[in-house]
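Q: Here it is, the structure, as structure tokens.
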Amino acid sequence: MSKESVAIIGATGNIRNYPKSEGRLVDLGRGLVTHSFLVIPECPDPLLGRDLLQKLRATISFTGEGPPEIRTEGKLLVTAPLEEEYRLFLEAPIQNVTLLEQWKREIPKVWAEINPPGLASTQAPIHVQLLSTALPVRVRQYPITLEAKRSLRETIRKFRAAGILRPVHSPWNTPLLPVRKSGTSEYRMVQDLREVNKRVETIHPTVPNPYTLLSLLPPDRIWYSVLDLKDAFFCIPLAPESQLIFAFEWADAEEGESGQLTWTRLPQGFKNSPTLFDEALNRDLQGFRLDHPSVSLLQYVDDLLIAADTQAACLSATRDLLMTLAELGYRVSGKKAQLCQEEVTYLGFKIHKGSRSLSNSRTQAILQIPVPKTKRQVREFLGTIGYCRLWIPGFAELAQPLYAATRGGNDPLVWGEKEEEAFQSLKLALTQPPALALPSLDKPFQLFVEETSGAAKGVLTQALGPWKRPVAYLSKRLDPVAAGWPRCLRAIAAAALLTREASKLTFGQDIEITSSHNLESLLRSPPDKWLTNARITQYQVLLLDPPRVRFKQTAALNPATLLPETDDTLPIHHCLDTLDSLTSTRPDLTDQPLAQAEATLFTDGSSYIRDGKRYAGAAVVTLDSVIWAEPLPIGTSAQKAELIALTKALEWSKDKSVNIYTDSRYAFATLHVHGMIYRERGLLTAGGKAIKNAPEILALLTAVWLPKRVAVMHCKGHQKDDAPTSTGNRRADEVAREVAIRPLSTQATISDAPDMPDTETPQYSNVEEALGHRLRGTKDPAGWWHLPDGRLLLPRAVGRKVLEQTHRATHLGESKLTELVRKHYLICGIYRAARDITTRCVACAQVNPGAAPVEKGLNSRIRGAAPGEHWEVDFTEMITAKGGYKYLLVLVDTFSGWVEAYPAKRETSQVVIKHLIHDIIPRFGLPVQIGSDNGPAFVAKVTQQLCEALNVSWKLHCAYRPQSSGQVERMNRTLKETIAKLRIETGGDWVSLLPQALLRARCTPGREGLSPFEILYGLKPPVVPRVGCDKLASITNQTLLKSLQALQATRSLARATLRDQLPQKEAQQDRTPLFQPGDLVFVKKHDFQQLGPRWDGPYTVVLSTPTAVKVAGKTPWIHYSRLKKAPDNQEEWTVSPTSDPLRVKLTRRAKP
């Protein structure tokens, strides 16, 4: 009965209230309805009320004779618009509530709301496989609020009553972590099994991919039912020996219980639970799939979806599935069941009449995500919205700024306009997502591909009449190598990427790829200058698969829809012609000799080592003359020299028609093949790194345009025949090798005196004239002073011009410039003029590392007034040692110079704080001030907050000025140098050698003659060898001498007394070892089995001492007490001949 009642006035005129029944299913003959009946026990016969007659659409008529007649059939005239006429033939959908109530009566055992948790009747208990190195882990229970504990108490009592939990005593323990259910005061019981998961073997996950699962749903099946299994994991039993590892603490004061509980079923939070349950349920439902081939059943762990063609088929299949689940022991949530509907929500997607779209709840959840503050929040946002990427055209291009913002390790998040625009654009795209069609595997697919800014974009469609219906929007970022290709080749990479993605939805069905590029021609005639053989093969295997894959070229794709433009007048470009124009550095460049060349040049670069130095030179020659030849800086590679020589040849050939020969494959390929590729990539290699010799390559690509016509040919080097090509190449090689050892041309530019004005006489001052006479110089007829050492005395004005010209050619510093010019000229005031010229040079000011001089007294560092008052701290990078240690945290007390250093795996603020709190402050007291550079570990918020809490001043030094931290920087160098020396002597790693390096640094005297050890402890450093008794006579201080002698006598007496009290040991120097190398011995086993041997072996003795031996096959030394001699002749060797007279066969056999 329901709580509702109705007031009734009967024939007597009295008013009485009668109750109404709950809604019951009533079959009216034309369909099912829900009706609440009025319950009147006094009524002798059932009566049809007006409400039920209205649902029957009954007509009551009265005739003259007989009782009234009730007719429920008749003709009804319906007038409707033609476009709405189809509605007359639709079946009225059955309400979800109606079916749920009916099936709760028919199949009561399957519903979770009215039954205890289920148990799969056909599944064997699960055995959990631990790692071979796993040991029990014990993690104490987190504090739980009283409200959460009350909520968990009811859940645990229910599970204990159902046998899902049981008391246990286990060495394992992990905590519970209650999680509040959204919108309620209840808590979900979650166990923190992270430590257990680390110690359990991971099985291969076989859970279906939700990205492709709905692709298995035929679009013509438009009636759906969705079932969600309740407490699904608890249906699978757990083996008793595996139950102990999932124990947790629980105390129930009301029941008077306290101890550990564990699961007897598969627990939630265990990393293998989804896979184990998915496989178990899939096996149990195999029979249902075979019995119902006309419906589709999709399973994602515990979420089930049935799809059928008609409502009747969906009803029948859903009923059978519920009965099957009830028989197997599973439970279905009635609250979440969606029964026989045309629109359902499954895995966050809304499915309706063969299409899928994003559910409103998922969209609203993403739209409410605030602007990220950390890189982790950016990754969380990308992961959440990435689940919806099929509905966002060009997702990869839109999200690229956000992906870029997550790089950089632990660096702070940089959030600018680009990141904000990308964040809002992705959210905006979610507010208007399209409805995507479910893929039909009976129809071919069309893939429209476009590439922009290194991102592949496309849309996968299927034909629906004359329209193209989208199935998915696809997008991926190209790898760095493909992103540097020309646009036509990037289209191939985009097509390959998206075809691979589309195959997850097409399942190998026919696909037509449409692009604005002629992809098929490019694939059949691949440009091997750009693509490696491996990539060509990969693309051809994936895309050249007729008739499954077909290509179609269109003029352009609409950037908004990624579908072809309808305008057929747009031109279609030719990809091969475009690639040829991009590959060639200039259109008329050829590798065949020109017939009417004005000159034929031969280039070569030479690089070789002599006296430990690498000399290099380059030359450009003809058959009878040298065009250009110069030495190159020490250390120049041969490839770089070849590029320079070829560039000089092209520069000399300006406005000429020339043939140029080179024997360098590198220079030839750079000019003909790779030069434009490097330029397109932004001077990057295939791996995304900067190319070598980038300035020389750019100069070569610029110089190739200077000749009027040019042909560059490759010839073999070091040929001995008399062909003109070989002769010219040999000549270029000889000249290049010859000039390599010459001084650089910088000195040649000033080796001769500059051109002096012929019409002007040098104007010497009186001082300069007197200087010329004093140095016994002579004047030539032109008036120039020549000194006896061969130098020329220059007036100040002329001398300044010489200095300026020399500096422009060399950009030498003040001292080197003066030294160089003084070899040829004598100039009064040369040092002042050189200083003025070098100071005024803009190029030198921009490049030279020297900074402006600091006024004396301003660059002094702060030092403490007592030990431990002021510390300088810094991280220095080391080579990676055992344990992953890569950094060294160094702290120096500025007062005493005492150093502390700690190895670290990461350069983080946690490391700094740990050693400050645990090491520095407990040992040296609270510092007044700490100084450091602006490293992330020191400017971190947590570091600064700690200093504020401790009232310690943290001084950040000037950026890019290591002198501000000079004391700790110098200590870094000292420690590294000491460790390097110790590594050379011992071969150990730097972590193990660090204590010895610290000892050396702490005991080294400073400028005042005192070491940090002396300043801190007031004692001499314990590193100087002790002075023995034989040295005491050399000491002149008689008082000190007597004291030392008395101390030595007391020491000797004490040692003698103690020596007499010790037990006498047998002399072992003459004792012969019991076992000799080569002997066979048995080794006693530590743990032998009953009825098994106690001794292992025999083993051969390798080394022996009077007390222990080392045997072959065992690492440790073994004491004599665990050895015994093995009998001799334990094995026998025999020699037998073979078919080869030079070989014999040796056979070893153990004697019985």
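Note that the numbers count up from 1, one per residue, in the order the chain is shown.
Cβ atoms here come from the backbone N, Cα and C positions, even for glycine.
Quick paste from Swiss-Prot:
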type: BINDING; residues: D228, D302, D303; note: Mg(2+) 1 binding site
type: BINDING; residues: D604, E642, D663, D733; note: Mg(2+) 2 binding site
type: BINDING; residues: D874, D933; note: Mg(2+) 3 binding site
type: DOMAIN; residues: 1-52; note: domain 'Peptidase A2'
type: DOMAIN; residues: 863-1020; note: domain 'Integrase catalytic'
type: REGION; residues: 1128-1152; note: region 'Disordered'
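Structural setting of the listed features?
A: Classification of D303 (Mg(2+) 1 binding site) by DSSP places it within a strand. Counting only same-chain residues six or more apart in sequence, the Cβ atoms lying under 8 angstroms from the Cβ of D303 (Mg(2+) 1 binding site) belong to V226, L227, D228, L229, Y346, L347.
With a cut-off of 8 Å between CB atoms and residues at least 6 apart in sequence, the same chain places A618, A619, E642, A645, T662, D663, S664, G717, N729, A732, D733, V735, A736 near D604 (Mg(2+) 2 binding site), listed in sequence order.
The Cβ of D874 (Mg(2+) 3 binding site) lies under 8 Å from the Cβ of L889, V890, S932, D933, G935, S965, V968, E969, N972, each on the same chain and at least six residues away in sequence.
Each residue in the domain 'Peptidase A2' (1-52) has a pLDDT score, and their mean in this model is 71.
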Q: Quick check on the binding-site residues: of E642, D663, D733, whose CB has the lowest count of neighbouring CB atoms inside 10 Å?
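A: Result for the binding-site residues E642, D663, D733: minimum number of other Cβ atoms within 10 Å at D733.
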Q: Is E642 (Mg(2+) 2 binding site) helix, strand or coil when read with DSSP?
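A: Going by the DSSP assignment, E642 (Mg(2+) 2 binding site) falls within a helical segment, counted as helix.
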Q: Let's check the environment of D933 (Mg(2+) 3 binding site): how many other CB atoms sit within 10 Å of its CB?
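A: Here the count is 22.
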Q: Quick check: with D604, E642, D663, D733 left out, which same-chain residues have Cβ atoms within 8 Å of the centroid of the Mg(2+) 2 site Cβ atoms?
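A: In sequence order, the nearby non-listed residues are T603, G605, S606, A645, T662, S664, G717, N729, A732, A736.
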